[in-house]
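For 477-634, the entry in TrEMBL reads domain 'HD/PDEase'. Annotated transmembrane segment per TrEMBL: 12-32, 267-291, 303-320, 326-344, 349-365, 395-415, 427-448, in sequence order.
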């Protein structure tokens, strides 16, 4: 039955791996651009390294972005805007003014002496015919740099110079000044009896819909090409320098080729080729994990995370190539190697970056430039973030990424352009955005830890705070065990610093490895008061069960307080499958000739399965034994360390851990040095 379950589990694992592989290929294929890939690579300012190129078909020479922008700006700058004239406003206001003026003359006969008073309504009519805007011309952004407008009157549009257009204020002043000149001495009395502002109103408005439609039509009519290349025409000789003109022609051919779709067979072959490329690169990622990071390959969530991150980055890059408002360099590629480095290791981070960059490089503009820039920036990101245990590390990493982006881009641009003046400096803006996105790494770490069950150095440092509830519980209920755990944590960390590994992991694991001793803490020697040992009233088997149960209870307590699985593994493995030797031997003496079931006196395991767990097992035993030594000398410590390490090796407790003989030698010397220092032993030097 056990063999059958093992086979089923193995089959399920293989099925899962196949599904991840196929899903990765499928998702990346779906977001890949559907165009054919131009087979020639070239850079401006570099020689054409391929055979002489002949145009395979007719194609138009595309205008550069700068040329299109210049023509677009020209259309906008020379465009004459439309303003709609409401003729009824002028007619009504002029009629109202004429009526009021006639009434005023009847009431004040002396105003008949003003010879030209009958022309006042005509003066107002002429002002209205030119048009009155609600505010000053200078406040209209649409009129900046303009000298005239088009005034819509019914079905006609009439061009008028701007100086003829009035605002309400200028129209009032013009009418007032004209009347002052014509009325002469009667002006003060006349102006008191008629309020000119009542007859001035806006009759001209900016026709937004008309202007939008007109400008859109003009821009739509703007040609994106500036010539043709005929099929069979020679484009460039092998070895010729790709100058600005040749570069534009080659770019035009490339874009035309990649948007040109052949017949069904050609289209099918393009799809097949694309699938092969994607599958090959994903397979390389799998092969790397199989040969160099087997533990990641066999861990479903870790493998899924790596493939998921690759798919996400390809997806974001594909979107960036399709949205004109953003640039592909805005995609925060550096986040991928940073996250993989934080959760796993540097080599896997760089390899996953390489696979992702090659996948995106297939469809990225200027793929050579893109691959070089992203690889260098990504590697710098990995090196700049060797360990993440401070928020400032993210800031410095973002700065290093931005600097590496900028320096490499400028260097490549100088090679291609030969001048700082022609470099597209706006690209640095996209590098800035990409670098700023690195700051979201911090919240992403938390999210991925919860989703995938990972543990980062940041979390390990937080859990190592002795004010954590579970560690406070240990300190209060089992103070001797707490001090032992602190000592083991410091010793294990010192060893890991020298042999390599994660010091934050072993430190946190050491702090929590004995939390099960909070249950019946008085049964453990480090918590006992002198002369009081509750084991004296128990049989040896029951005592062994109580001692061994601290592992089981520790796991229950850890799950209750929601400790990460990686720390729970330190609890289950720190005794491996060893025996509670003291009670086992006492039981044998008490029951001579009786066959003893050793499993009753053995810890359930499993064995330590990484370097940090193995170091904890050894340090735990050595630190505990050091207290019981009667002679606290360097020789006694050395003999004790050798004995405990040899016993663990002989009982096969370290066979699943990746400890080398060199590591064990360093461990012995480090622990001897620390114990001698802790117990203030004076080393006797030979005379």
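Glycine is no exception: its Cβ is also placed from the backbone N, Cα and C atoms.
Curation does not apply to TrEMBL; its annotations are automatic.
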- Near the transmembrane segment (267-291), which residues from the same chain, at least 6 beyond its ends, have a CB less than 8 A from one of its CBs? 17, 21, 24-25, 28-29, 32, 36-37, 261, 297, 303, 306-307, 310, 348, 351-352, 355, 358-359, 362
- Query: Is the transmembrane segment (395-415) close to the transmembrane segment (349-365), in the sense of at least 3 CB pairs under 8 angstroms with a sequence gap of 6 or more?
  - Reply: no
- Query: Taking the domain 'HD/PDEase' (477-634) alone, what is its mean pLDDT?
  - Reply: 89
- Message: Counting only residues 6 or more past its boundaries, what in the same chain has a CB within less than 8 Å of a CB in the transmembrane segment (395-415)?
- Response: 43, 45-46, 329, 334, 338, 369, 372-373, 376-377, 380-381, 384-385, 422-424, 427-428, 431-432, 434-436, 438-439
